[in-house]
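S.K.: The structure that follows is given in the form of structure tokens.
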């Protein structure tokens, strides 16, 4: 055997003898290896998609059919409620009517009659003093004959100016009854109705215990203007 070389090397590349490189195919004339790898990957991807679709069809990804809901049972209609009963309310205190009144007023035959008149041209009584016996039924006639065209009344109070002022204030708050004292006004013993100019009115009452008492007019401003008088009750 001779190791002598001839003028060229006997070593040949594997690729040249096989007709292609590793990335060109397995043998000469065959498809490139990269193409074969792409085809294999595509086939695998297709198989994966088919498997996923099969699982979805089998129920893995199929949307569940909604279950029918139970029909709600009809509820009973609410029982009719009765309207709340009206609570009794306390009636407001009745205002005094424009009429005679007072704690000493009586419905008896008078034993004595007395007349008082309004001054014709002033806010005053023509008679500024009276005298009557105690515990006597008296009818007082009041004549409002004046030239001023104003209203007047006659009110007997159980005391002096301090008591008269309180009675007068109560009457001022009773405009709906033309400023006569309201019923049960403390210390208002007797009064006539409020009279227009030219009218007359009367009140029957029992005289109080012996002493000195004021009588006034309770039309607004008249008592403060000095329209008052004194009743002296004798034993």
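Glycine too: its Cβ is placed from the backbone N, Cα and C atoms.
Since this is a predicted model, take the numbers as computed values, not measurements.
When I checked Swiss-Prot for this same protein, it listed these features:
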BINDING   152, 217, 222, 227  Cu cation binding site
COMPBIAS  1-21  compositional bias 'Low complexity'
COMPBIAS  69-86  compositional bias 'Pro residues'
COMPBIAS  87-100  compositional bias 'Low complexity'
DOMAIN    111-235  domain 'Plastocyanin-like'
REGION    1-27  region 'Disordered'
REGION    64-107  region 'Disordered'
SIGNAL    1-56  signal peptide
S.K.: Helix, strand or coil for residue 217 (Cu cation binding site)? Use DSSP.
M.R.: coil
S.K.: Hey, what's the Cβ neighbour count for residue 222 (Cu cation binding site) at 10 Å?
M.R.: 21
S.K.: Kindly report the helix/strand/coil residue split of the domain 'Plastocyanin-like' (111-235) according to DSSP, in that order.
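M.R.: Tallied per class, the domain 'Plastocyanin-like' (111-235) gives 15 helix, 51 strand, 59 coil.
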S.K.: Hey, which of the binding-site residues 217, 227 is the loneliest by Cβ count within 10 Å?
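M.R.: 227, out of the binding-site residues 217, 227, has the fewest neighbouring Cβ atoms within 10 Å.
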S.K.: Over all shown protein chains, what is the count of other CB atoms within 10 A of the CB belonging to residue 152 (Cu cation binding site)?
M.R.: 29
S.K.: Starting from the Cβ centroid of 152, 217, 222, 227, which together make up the recorded Cu cation site, report each further residue of the same chain whose Cβ lies within 8 Å of that point, ordered by sequence.
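M.R.: Other same-chain residues with Cβ inside the cutoff are 118, 123, 124, 125, 150, 153, 216, 218, 219, 223, 225.
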